[in-house]
C-alpha cells in the first residue's frame, strides 16, 4: 500500500527572487585626467553596489599601473523583482592612503528582461570605456525549503526506525503484550522530552537516559527532544565518538569528571584571550558576535572539550540506519521590546534541518547563520560549531552571566534563575541598536594596500579584544548589563512574504469537544499576557534575528513533538524545572505547554493540577485523553518530576537500603537544601552531588518502567483500533485552501 503525505501538498507561498549576474569584463584607456596621469599610472578596480539587496557591495581585484585592465570577474546579486533595483558602478584607483574615485555610472536592472543576457558599455570621463556582461534569471531553487511536511531525510529515518522499533518492542514487552505488533503501522511513535534547568537538568537527564538505555525503552523511542540544560546532555551524548555503541554509563562517568571543576578555571587570561580572538575571526567575516558565543565556548570546553569542531550536521552519522532516536533541540526567536511570554517563535534543530514550523521554512544546518535574501543564500559562512548552538540553546545563562560565574554581588544565592528572569523581558535581552547593519569589517577608502589593510585590521582586532576581555574579567558596566547577550544571527527569512500564515495543525478539523473554552484560554498560568502575541509574524525586514533560551517562555520542548506531522502517540517528559520547595506543585511548565498547544489547536490531554492535592507528590503522573474516541490524535503523557521519594528507602526498585551509609547518601532535598547544591546557577558538581542527582533520576525512571511499558502496550492497541490515526480525509479538512490543485483532485489521501 502506498501512502501520500498530505503535508507535502500544502502550498507554502513564497515569492521567487531574481538572480542578477554581472561579469566585469574589461576597461580601456583608464585615466586619472591629464594632470593625474602625469603623476601616476592608475591602479584600477571596480565597485558594484545595489542598495536594495543584502551583501550589496562587490569589488574586483586591482591591477597596478594598468590602463587597459581585463578582469573577467563574475558577481551575483539576489534581487526582489518588486523593488526598484539600480546597479551603481564605480571605477576606483587604489592608493596607499586614500582610494580615488575615477568615475561613476548607474544601470536600472528593470531594463533587463528575465532570461536576457547582454554586454553593456559604460563611458567614464568621456574617454574610459568599461564593458560589463549582465544577465537576469529567476531563482527557481531557493536554499530554504518551503513546506509544512517533514524533510525527506526525517521521513526516511522514521521508516527505518519503525522497522527497528517493531523488533525492539517485541523484545521489551514479550510475545504476549506485543502480539498486536503485526506491521510497522502498529508501531507507536514514542518521544522522550527533557526540560531546562542548567546543570541540574543535564545531570538529571544523564541518569534518565542511562535508565532508558539499559531498560530498552530508548530503543523504542523515535525522538529525544531537549531544551536548555537537557540539550547540553544530548549534545554530550550524541557527539561522543563511541555512542550509540557505548551506552550512557561510561559517557556519564566522563561527564561527572568534567563538571567537577570550577568554571572560573576556564577564564584564565590565556584561555579568555584565545576565546575572544577566535571570535574576532567570526566578527570580521561579517557574522554577529554576542556573549552567547563566549558562553557557548565555555560550555563546550567543559562538556565536549575534545570535540570542539563537532557540528550539528555531523550528528547525522549517529542516526544513520536509525540506530538511535532522532535528537531535536530548540531555541526561541524573540522581538525587541516584547516579552518572550507574549511573543516567541519556536526554532527547531535536528541533524537534518533547522527552521520554524510556524512559517514552513527550513534549511540544512550548515546554512544557519549564513546571509539570506528571499530564501536564497547571498553569503555563506562555515557551519557554526555545536558548542555555539549549545550556548544559544542555553542562553538564559549568558543573560545572567555574572550569576553563573558566581561573581555577582547578589546575596540571594538561593534564588532560582526563574525568579531572576521574571523581571527580564526580551527588551532587556535583545540589543535594538544600529548593529542591524551589515557587520563586515571594512577599512576606510585607501586601505587597498595589503600592509595598510593588515595594520588597520590588527588595530581593530586589538581594540575589540581589549573591550571583550575587560567586559569579561572586570566589574565593568558592560559586564553587569543583560542587554545584548542574546544570540544574534542573520535573518534567514529576510525579504520573504509572510502575508499567508499557516496553522501548526493545518489538516486538523479541530472539534469543540477537545478544545478549551474561552475562560480556560483566558486563565493565566504564569503571566496575564502569556502568549498574547504568538500569532504575530516575524519581521522580514530586519537583517538580524535574536535567538534565546526556550525556557524563557516555558521550560519543556513540547512544540517540537506536538507537530502533527510527527504523529507522536506517547510522550515521556522529564521536568527538572526549579520549584520554590520540594513539596511545591510540579505542573507549572506542563500547564503552560497545554495552554500553548490549545491556542495552536494541537491535541493535548487535559492536565488536572488538582491531582497533586488528591494524590500528593509522585515520581511521575500519567495524563491521557479523556475521550479517546473523539480525541483520536491526542497523545498520552507520562510526566516525571524531580522528587526524592522512594529513592530515600530503596537503592534499586524493590531493594531496600540497609546500611547507614546507603541511607545517608539518599537523604537529601533538592530545592529545600539551604546550601543549594542543585541550584540552577550551579555550574560545578562535586562527585557526590552528581551521583545523588544522577542516581535519583536513574532510580525514578527504572522504578516506573512498568508504567511506561503499560502505556506502550496501550499505544499499540490504540494504533490498531485507529488505523487512520495519521490519515486525512479531505472532506473533513477545513484547510483545503492550503492544498495545491493537483492534490485536491485526489478523492482521499493518507500519510505515513
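Each Cβ is built from the backbone N, Cα and C atoms, and glycine gets one as well.
Here is what Swiss-Prot says about this protein:
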type: DOMAIN; residues: 6-122; note: domain 'C2'
type: BINDING; residues: 40, 43, 93, 94, 95; note: Ca(2+) 2 binding site
type: BINDING; residues: 40, 41, 43, 65; note: Ca(2+) 1 binding site
type: DOMAIN; residues: 140-740; note: domain 'PLA2c'
type: ACT_SITE; residues: 228; note: active site, nucleophile
type: MOD_RES; residues: 268; note: phosphothreonine
type: REGION; residues: 427-457; note: region 'Disordered'
type: ACT_SITE; residues: 549; note: active site, proton acceptor
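Features recorded in Swiss-Prot, as mapped to the structure shown.
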residue	record	Cβ contacts under 8 Å, 6 or more apart
40	Ca(2+) 2 binding site	32
41	Ca(2+) 1 binding site	65, 66, 67
93	Ca(2+) 2 binding site	32, 42, 43, 44, 99, 100, 101, 102
228	active site, nucleophile	195, 196, 197, 198, 201, 393, 394, 396, 549, 550, 551, 555
268	phosphothreonine	none
Have a look around residue 65 (Ca(2+) 1 binding site) and count the other CB atoms within 10 A of its CB, chains all included. 9
Return the count of C-beta atoms lying within 10 angstroms of the C-beta of residue 43 (Ca(2+) 2 binding site), excluding that atom itself. 21
If you run the three-state DSSP split on the residue listed as 'active site, proton acceptor', which class comes out? coil
Using a 10 Å cut-off, grab the number of neighbouring Cβ atoms around the Cβ of residue 95 (Ca(2+) 2 binding site), all chains included. 17
DSSP three-state assignment (helix, strand or coil) for residue 93 (Ca(2+) 2 binding site): strand
Per DSSP, what is the residue tally for the domain 'C2' (6-122) in helix, strand and coil? 13 helix, 54 strand, 50 coil
Within the domain 'PLA2c' (140-740), what mean pLDDT does the predicted structure show? 83
